[in-house]
Amino acid sequence: MAANLPNMRSIRRVMGVDPGLTRCGIGVVDGYPGLARLVGVDVLHTPADAELGDRLAALEDGLVQWLDRAAPDVVAVERVFSQHNVRTVMGTAQAGAVALLVAARRGVPVVWHTPSEVKAAVTGQGRAGKDQVAFMVRRLLRAPGLAAPADATDALALAICQLWRGAAMARLAAGGAR
């Protein structure tokens with residue numbers, strides 16, 4: 001029976017970050033491929049009328065607190081994709097860069113996932129809608145009552161994606177490096 005239990009070293013803690021200047025989703029999960037457990041979730045907010053530097057500093061402060069409290073093994077950040085609104089893309093990229101910087105200063109590796117990659121990992125469809133992603137996140141985490149906005153469930157989906165796909169991606173990278 002013990003053969004069915006995961007090796008304690010295989011249990012990982014992943015912090016997902018859905019970057020944004022106005023709303024930055026944070027989601028932390030523990031687990032291994034096929035099983036995820038909710039550790040924490042939040043949305044960091046900055047006022048749209050505040051100076052850019054102040055907004056980035058506020059995101060940094062919030063991300064530092066989450067990284068220090070959660071102590072993740074890896075941080076998964078959503079990769080910026082092309083949008084029609086250049087301002088939104090810039091804000092998302094800047095928030096993602098803050099997450100990268102905060103993690104790098106703590107020696108925590110950062111991985112990037114595209115929205116379609118994340119959607120495929122949690123729903124089986126790369127074009128799933130936000131409602132489908134949120135539904136599956138609640139189901140996969142066995143948290144049907146989780147009341148979290150889309151930014152938060154997107155961050156949890158990022159963390160689940162990395163938790164499940166990260167080990168396979170690392171094995172593929174190692175095999176390709178031989």
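Placed from the backbone N, Cα and C atoms, the Cβ positions cover glycine too.
Database features (Swiss-Prot):
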type     : residues  : note
ACT_SITE : D18       : active site
ACT_SITE : E78       : active site
ACT_SITE : D151      : active site
BINDING  : D18, D151 : Mg(2+) 1 binding site
BINDING  : E78       : Mg(2+) 2 binding site
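Candidate active-site residues: D18, E78, D151. Fewest other C-beta atoms within 10 angstroms, D151. Recorded residues D151 (active site) and D18 (active site) have their alpha carbons 6 Å apart, per Cα-Cα distance. In this structure, the C-alpha atom of E78 (active site) lies 6 angstrom from that of D18 (active site).
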